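Quick look at what TrEMBL annotates:
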TRANSMEM  B:20-41  transmembrane segment
TRANSMEM  B:53-75  transmembrane segment
TRANSMEM  B:82-101  transmembrane segment
DOMAIN    B:104-384  domain 'NADH:quinone oxidoreductase/Mrp antiporter transmembrane'
TRANSMEM  B:107-129  transmembrane segment
TRANSMEM  B:136-158  transmembrane segment
TRANSMEM  B:178-200  transmembrane segment
TRANSMEM  B:212-231  transmembrane segment
TRANSMEM  B:269-287  transmembrane segment
TRANSMEM  B:293-315  transmembrane segment
TRANSMEM  B:327-352  transmembrane segment
TRANSMEM  B:372-396  transmembrane segment
TRANSMEM  B:417-439  transmembrane segment
Amino acid sequence: MFNRAVTAAQLKPWLKFNYILKNVTFTVRSFCNSCPRYSNKDDEPVKPSILVPEDFQAELDGETYCPPLAQPIKPHVHPIKKSFDLLGITGRNDPKTHNNLYFPRHCDILIIGGGIMGCSIAYWLKQRGHDNGLRVIVVEQDPSYTRASTVLSVGGLRQQFSLPENIEMSLYGAEFLRKSKKLLSGEGLEGPDVQFHPFGYLFLATEKGADQLIANHKLQTSLGAKIQLLSANKLKQKFPWINTDGVELASLGLENEGWFDPWSLLNGFRNKALEMGVEFVKAETVGFETQETIVPEQPGIGDSGCYHKLKRVHVRLHDGDIRTIDFSKCVMAAGAQSGKVSKLAGIGLGTGLLRNALPVEPRKRYVYCFHAPEGPGLDCPLTVDTTGSYFRREGLGGHYVAGKSPTANEEPGVANLDVDYTFFDQQVWPDVALRVPGFENIKLKSAWSGYYDYNTFDQNGVIGIHPYHTNFLFATGFSGHGLQQAPAVGRAIMELVLEGKFLTIDLSRFAFDRVIANQPVFEQNIV
Amino acid sequence: MLMLKFGLCCLGMMFLLKEWLLLISVLTILTFFCLTFMMNFDLGVINLIQLDFLTYLLVSLSLWVTALMIVMSFYIKHSKNYFEVFTSLSLAMLFFLVVSFSTSNLLMFYIMFESTLIPIFLMVMGWGYQPERVSASFYLLFYTLTASLPLLMGILYINSQQFSTDFSSLVVPNSDYLLFWMLIIAFLVKLPVYLGHLWLPKAHVEAPVAGSMILAGVLLKLGGYGLIRFLPFVENSLSEFSVLLVSIGCIGGVLASIICMRQTDCKSLVAYSSIAHMALVVVGISLNSFISVAGAVIIMIAHGFCSSGLFSLVGMIYDRVSTRSIILIRGIVSVGPSMTLWWFLFSISNMAAPPTPSLMGEIYIFMSSLNWAGVLAVFVGTLSFFAGAYNLYLFVSTQHGTNLSGCKSFTEVSVREHFVLISHMLPFLLFLVLLTNIYS
């Protein structure tokens, strides 16, 4: 629309004046802004937590190219005809007209993904104020959650992380779970019973990892977590069923750690959100539409001044119909599919700020359930072995679930959720049987697999606003520890949307900017 | 004769549907020259009574607001959503409005009064974008239709009694209470007063920007106009019921203002503020003194410009941020300061700050109502206070604060939008000069 690539000489005389005037005012304004008289040494500007290196800055100041996204679909129906159609079909009861008539075409906040993150965000957005009039729509392609990471999760809650943000989020998760029955109840709606088993996590460390464990423990206790360090002897005293060979140090969570039923929490959030007026749409996201706007020159926009604002999403219903939903802000909480859906918004397909894709992809993880009559019994925390295998008690009948994160070259394919039992025989069982002699005599009962929304960049969540699409927020990529952080993340996104900044837990280190600036934020794993 | 001329004029403008810019220029110029049409007295078609230029004011207002609403609906043209149909609906609405404001035949007035419902109904259903618009347009239609049926019966009764349906030939009856209510209730619901107001927030929220502008700007004034025209006819009954009407007006206004403070949708907030303003109009008309009716008229005209301007501002924000929620629209002063100027000017006009004519109208109403009964000071004072409160709330919520999501996408206010806003503001401020004529 605007062709700025002209020089003053080429312009017609009346436009030349404008061009010169614009340049003069720009010069004058920059002179005024750079005048030292107006700077105040006492007010230091707030340093962002993620600083882009110098060689990136030039590229980011230039133009960001947004690739062409979905095109507007069907042309408008004639309004008079539309009015008479609407008059004709109101009052009829069949679902097709109901879909036609009542499909929401506009919302304030669109949440893509109805898992624990999406439902938590929907709940937090609506519960602020008595009836804040926000129109929130959650687009979830499978309301029976057959392949959702949330319900296939082992359901652990721990504060034993090495990043303060993770620890604080899990602490809040525990606090929320304690109050969940009351908070998620309403008129005629009973709150969920999350069945929290407060048996703690037990991390075992060899000599090499002991220092890291001590450092982590110090940070965790300083933030309020109740973690106890146990030497090998104390460990043996506390848990006689454990084999302490090779274990130098162990840390046990005393409070606020354990496991719970993710399905109850998900339903709790979902039902409360439904009661507060959130609309759940059963559809799959297939595209985004942008609106070209001409804005003044800004970093990331460049000379052309053309900014593509994300305006509308195309969703496909179960009968193949494609509908559109206009939104003001969009939250990406699609879990394992987030990387794929973000690409539909051009994130990763453009240049400049849109160069980096969201580094979240599905990774399959197996969970095996076995019966061990000589196992640890009731007093069994979720034990994470030095090899990375973990197990916990399941129920009261001597059943246990166990699993292990495979190494990079053992990663299973993600095409389906089939379980590989040889992984149990070769990797998981030897480890847990070594650690707990009582696990030598077991009978494998069943197994399932689920996807991690695995952040290939640094295995921690991506929470925040995209630097180019400023109305697009992320809440995904938690790589296996998202369930426990869902209440805190929901609250954080609510604060970001409604207040413009984080108020309770500062999660600015987890922003998408770190992917662009190549500054990963790693959890220090125990060896 | 006159109406025929005007009808031909409107039909002529239908040919200009493709030439969008020419159409709005014709409309704006016609605003100033409609007086020449008014001066043609043919066969006693026009009879301007009491306020000599009430008709002129309202006809100019409707022409002006129609021109501006066509300018504002550029988005419909841009997205090729049947802009010609929309414009022809607006012109049809204009025709009905002008005829209803200028006719002196009761039945013709009633027919045009009802006919304005059809274009607004089609606008809300056809160009609104939320599923609730179905229910909103039904509310709009049925509230007004149900309330105006007694009006038709009353008019026919007058016809049978007095063998004429002309405003100038209305003979004041002794005090027919039933006839009074039958005639008045249509206008009370149209205004709307607090008890019959439920259709207004719904219709305003679901209507497209241009629909809201014409609805708030002119259609509500039909109610006030009807009340003023019937005033000499029902004077005797009015003295019996004036306490009731003033009470409904005052208390309803206060309640509407308080409800306004709780709104989360910008458009809904402006809609409820319309109810609060029109409550003052009802008070003024019920008091039946020259000053109070003059105040009511001034508030009506001022509110026409102000509300219409506010709705166009909300529409501009919606074009940029895709939401009307007060919670999500924040920090406009950081990303679009030219819009902040207009938000400020319209907010202070809405809260009746000097030197706007809204203040003048309110002062007239205050004077006459306090003279009538001192206790009304509490209500009109509260109404005035809350008017300031909710307008400030709207302004501060939307303009101040941090804006994260709009920082890259908030376009500058375009020339077209500046034109719309300045066209609302300038006559509004110049209106004061016109009003010095009120005593002549």
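Keep in mind that glycine also has a Cβ here, set from the backbone N, Cα and C atoms.
Just so you know, TrEMBL annotations are computer predictions that nobody has curated.
Across the candidate stretches B:53-75, B:178-200, B:293-315, B:327-352, the maximum count of CB pairs under 8 A to the transmembrane segment (B:269-287) is reached by B:293-315. Most Cβ pairs under 8 Å with the transmembrane segment (B:327-352) belong to B:293-315, among the candidate stretches B:82-101, B:107-129, B:136-158, B:212-231, B:293-315. Spatially, the transmembrane segment (B:82-101) is not adjacent to the transmembrane segment (B:293-315); fewer than three Cβ-Cβ distances between them are under 8 Å for residues at least 6 apart in sequence. Most Cβ pairs under 8 A with the transmembrane segment (B:107-129) among the ranges B:136-158, B:212-231, B:293-315 are made by B:136-158. The stretch in closest packing with the transmembrane segment (B:53-75), judged by the count of Cβ pairs under 8 Å and taken from B:136-158, B:212-231, B:293-315, is B:212-231.
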